[in-house]
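Record features, source Swiss-Prot:
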ZN_FING   1-6  zinc finger
BINDING   Cys3, Cys6  Zn(2+) binding site
Amino acid sequence: GRCSACAYPAARLRKYNWSVKALRRKTTGTGRMRYLRNVPRRFKTNFREGTEAAPRKKGTAAAS
């Protein structure tokens with residue numbers, strides 16, 4: 001009744017530490033990670049979203 005690799009339809013994924021190599025094959029990062037890829041970048045700015053940057057003052061770096 002369930003998948004022998006991932007135990008679907010069980011709620012949690014099937015994983016065993018006695019097979020380290022198998023874990024490595026299917027851990028996070030072996031796929032696209034559509035969502036997780038961008039998390040570190042968003043974490044750096046405290047997950048701020050949809051705000052506009054404050055306007056810089058006129059003669060900041062150009063006056064050298």
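Each residue, glycine too, has its Cβ placed from N, Cα and C.
Mean pLDDT of the predicted structure over the zinc finger (1-6): 94. Listed in sequence order, Arg14 are the same-chain residues six or more apart from Cys3 (Zn(2+) binding site) with CB atoms under 8 A from its CB. Within the same chain, residues at least 6 positions away in sequence whose Cβ sits under 8 Å from that of Cys6 (Zn(2+) binding site) are Leu13, Arg14, Lys26.
Counting residue by residue with DSSP, the zinc finger (1-6) contains 0 helix, 0 strand, 6 coil.
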